[in-house]
Structure formats: structure tokens, C-alpha cells
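What Swiss-Prot annotates here:
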type: BINDING; residues: CYS25, CYS28, CYS35, CYS37; note: Zn(2+) binding site
type: COMPBIAS; residues: 254-264; note: compositional bias 'Polar residues'
type: REGION; residues: 245-264; note: region 'Disordered'
type: MOTIF; residues: 144-147; note: motif 'DXTW'
Amino acid sequence: MLECSRDRAVTMEDEQDAHHRRQICDNCDRPNAICLCHVLPADLIPTNTEIIILHHPHESRHKLNTTPLLTKSLLNVTRIPARRLLRRHISTAGGTALPAPPTIYLFPSSPSSPAVTISEFKSLNLLNHREISNPPPLRLIVFDATWKHAKEMVKASEVVLREAGAVRVCLDTEIDASVSGGTIYDSELVLRKEPFGGCVTTAEAVARCLGAIEPDGEEIERKLISVLKEMVRFQSKYLKPMKPRPKLLKKRFQNQQPLEQEEE
């Protein structure tokens, strides 16, 4: 009987410990052990750019998803849980009846669907509005999903994107599809193994994009990246290191050889 009581007491202690570990912060919606409130902006950051994040249902349940960092940091952002973009998503996203702003969507370039870099787009946009003191705000559409799902989402959204006159843009850093991605231990900003070299999280992609197109872009990018770095720092304590794939190691070795030859 005494042994049974002792077992019950141990079980209750375990349940209390588990409950304590599962306690969620009311502000950032993350477990208390990895709360990010100390790095989140005290006030949501305003942007001229209207940001729409099409959030794949599977990705929204992933514990390492970075879209919540954006919705907790930016004022002018809308998260839409869906597998494809619909007309109503962009017609009512801003909540106004004003004409739709110039629209861009962030996705890597491909031979069949080329994209302009965000820096090139910024130069073209400034050139087109050089006689206007206050250029119209932009609308940025981002697809948050795994690489496979994101490609499916973009393809399923092509009609609406085309009707909106959306321009496909990519980050200045190119994606190398011939190389497997790295891990959290290869970068301060990567949370999990990416499919290709050059891939980044949604939060970093949006931060880099806003850094290029917003008037106060550098400061906005710095704030968002600091939040992401802290999230990665926390998560790295609980993630098991993964060895880079052979293709990635081979690519790094090839890149190092020219540098070593130059030094000789």
C-alpha cells in the first residue's frame, strides 16, 4: 500500500513538472522556457508595405515555424491559412476600398518562371515613380510552407497573381538547387535542414525584403533578425545536430580549394 502511494506521488510530481514545462506565455504564445517577449518589439513595427503571408495548414502547426515572429513584430501583416491565394484574400486584406497597390510575391527564380531580385525591383520602382514625392505602398505576398508545398501553392495561385499584376521577386542571394541545405549549426538564422543551399526561413526572407524596399528598411530588418536569432539560440539547445549531406560537404570543399590556392 505504501509503495502504491509512493508511485502515485511520483506520478503527480511528474505531471506537475510536465504542466510547468507546457505553460505558454500569453503574449508570444511560446512555452515559458523559450519565451521571446524580451526581444519582441514593444510596439508593432509599422511598414509602408502591406504583407500577406499565405500559410500552409501543415506549416502552421510546425513548432519551428517563423511566421508568428512576423505577426508579433509587424503591424501591417495579414496571415491567411490556406493552400492557394484567392481573389478575396487580396481584395480585402487591407480592409479598405482603395485601389490595389503594386503587388510583388516572393519566390525563387526558375528557368520557366524568372524573377527579378528585390534590389533590381527597388531600382525599377524608384525609377518609375521618380517624379512622385511619396511613391505608392507595395503589397508583398509570401508563401510559408515546405519547399514542395510552396511550389504547389504558387502554381495554384498563378491566376490570381496574374490578375493582380504581381511581379515575382527573389532575394539577392541565389538558391543553389544542386546543393542540399545546411542545418541550424551552419547558420545563426537557420532552424532546420533546408532543401537547397541559400534557402532561408520565412521570417528572414521577409526581413531581407523589407530591408531593401522600406524607407527605414535597415532598422526594420535589424529588429526582425534579432528576434529570429534569439529564437534560433533557444531552439538550438533542444535540437539534435544533423550532419550535412554529402553534396553540401562536396560543394564546400570545392569552394575552399580556390581560396587555398590563392593563399599559396
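Just so you know, glycine gets a Cβ as well, placed from its N, Cα and C.
If you take every residue in the motif 'DXTW' (144-147) and average the pLDDT, you get 92. Taking the Cβ of CYS35 (Zn(2+) binding site) as reference, residues of its chain lying under 8 Å away and at least six apart in sequence are, in sequence order, CYS25, ASN27, CYS28. Other than CYS25, CYS28, CYS35, CYS37, the residues of this chain whose Cβ falls within 8 Å of the Cβ centroid of the Zn(2+) site are, in sequence order, ASP26, ASN27, ASP29, ARG30, ASN32, LEU36, HIS38, LEU40. In terms of DSSP helix, strand and coil, the motif 'DXTW' (144-147) has 1 helix, 1 strand, 2 coil.
Summary: among the binding-site residues (CYS28, CYS37), the fewest other C-beta atoms within 10 A of the C-beta are counted at CYS37.
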